[in-house]
Amino acid sequence: MTDISVSKIRNFCIIAHIDHGKSTLADRLLQDTGTVQQRDMQEQFLDSMDLERERGITIKLQAARMKYKADDSQEYVLNLIDTPGHVDFSYEVSRSLQACEGALLVVDASQGVEAQTLANVYLALENNLEIIPVLNKVDLPGADAEKIKQEIEEIIGLDTSNAINCSAKTGVGIKDILEAIVRRVPPPQDEIKLPTKALIFDSYYDPYRGVIVYFRVISGSLNKREKILLMASKKNYELDEIGIMAPDQQQVDELHAGEVGYLAASIKSVADARVGDTITLLNSPANDPLPGYKTANPMVFCGLFPTDADQFPDLRVSLEKLQLSDAALKYEPETSSAMGFGFRCGFLGLLHMEIVQERLEREYDLDLIVTAPSVIYKVNLNHQEHIFIDNPSTIPDPQLRESIEEPYVKMEIYAPNEFNGTLMGLCQERRGVFIDMKYITTDRVTLIYEIPLAEVVTDFFDQMKSRTQGYASMEYHLMGYRKNDLVRLDVLINSERADPLTSIVHKDKAYGIGRSLVEKLKELIPKQQFKIPIQASIGSRIIASESISALRKDVLSKCYGGDISRKKKLLKKQAKGKKRMKAMGKVEVPQEAFMAVLKLNQ
């Protein structure tokens, strides 16, 4: 039993944009409170995946419990709940904010407020958190703390008169932050007497103990001898252990309202213990779950195929394993004439897709081909029905459908105003509809556009970063479906449709894309003994075509002089053979060709 009174508990999280120093600040807090000994310390202590350290982003949530003796000589328990900062993981952020009473808003004093920070601050304000502004990296030569404070006041409307200047790297201002957490973050409500409810804010898969669930007790208490019920999945379990994260797991007998801990109960898959679900007691359950639970729906889809067909079973096993720890990942088997067997996978967004692909290649040693990302289209059929389709090659022919609708997102881009023109150009190229433009400060601007999601999921982010030298940041949310003049663009190689290259494009762009596709394929497909036509088509109409000329063997080389009819006979025989070859021959499209074309597709 942890015998700490509720009034001495502070639950807080850190909100920051990528690279604004959140993980370093968390390290400092762990060090200064003596939670982690100096000798055990490694950088980005809470980012446990190699991939997280390498990319410098937080993907999975972590939590740590720190003991801190404040200036009023009382001992407090501070629970830090780490949040991912990326737009793909915003649902995880909203759940972890629900487990807190306060938040440190960390802003890089040399860069200012960014889009993701804003999105998360609004989430925090919706959850009524006490927000403490912290200006990090004040030791950098380019830091301008006063200007950034003014920016925070203008953009977010937070009072920054008691903002804290700190440098997580050198340790300046860390003590002030700890004191501010104790003084300004309210303690949890004392609801120990009420029925037990606990919020799951994260879970991960441990191969030996099953799923480990991180939770915050909202009301009542949890004892390790009790049976628990998960209210969304309706499953019940016997507890094997409960404990606290200091940052390594330590078992305890009981946790009460306000505390943050972990539990293990031989849960088989993360999908059974979803983020946002409510834990209650089986024998005396709560009447209604905590609000806000929803299942994460994938927004971006792509095909994953092993480069070596023998690796297909390994890919299946590794996706199963990955799904145990990533409940947002969806997949189903798919086959393609060009690529063989693989899986169609659904992801929360582009970053999520890259991370899954990288984890498959790194942790499971697979070599993968990824088809161009696509979104879910709504196809209205002729007889008043509609279907949703995530794979462009399965969209019905033009005569069977009335129209295609695609998802739109509302996007806000924050950038210095000298990049206004280039960003507007980029949004227009991507079929964006201009909605509004606001000047946040004299030199920073917000652009608001409505853009088809399909245009965002390819390489919008990379383009935006490269055109603005990395200064712009964006965030978006789904708005719904809209009708557009969309067509299915097929690529035919030797009159056979190559499924992985099928895409849904806007009619106005179809010709340009079709043209560049066939030209690129012409360069990449090796010559065969017969002529290969490459065509781009919309329905039965060919809009662009190229052909690869045949390799020709010199059949007359062994006739020295001699009769013309002999030569004619040989040439006729060769022509006949070529004709048969063309009818029978299969064109092997090399994997590199697909990869290059997929890049071009973007």
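For all residues, glycine too, the Cβ spot is worked out from N, Cα and C.
Annotation comment: Swiss-Prot describes 7-189 as domain 'tr-type G'.
As annotated by Swiss-Prot, GTP binding site applies to Asp19, His20, Gly21, Lys22, Ser23, Thr24, Asn136, Lys137, Val138, Asp139. Val138 (GTP binding site) carries neither a helix nor a strand DSSP state and counts as coil.
Counting only same-chain residues at least 6 apart in sequence, those with a Cβ under 8 Å from the Cβ of Val138 (GTP binding site) are Ala109, Ala145, Asn165, Cys166, Ser167, Val172, Gly173. Of the binding-site residues Ser23, Asn136, Asn136 has the largest number of other Cβ atoms within 10 Å of its own Cβ. As a whole-number mean, the pLDDT of the domain 'tr-type G' (7-189) in this prediction is 74.
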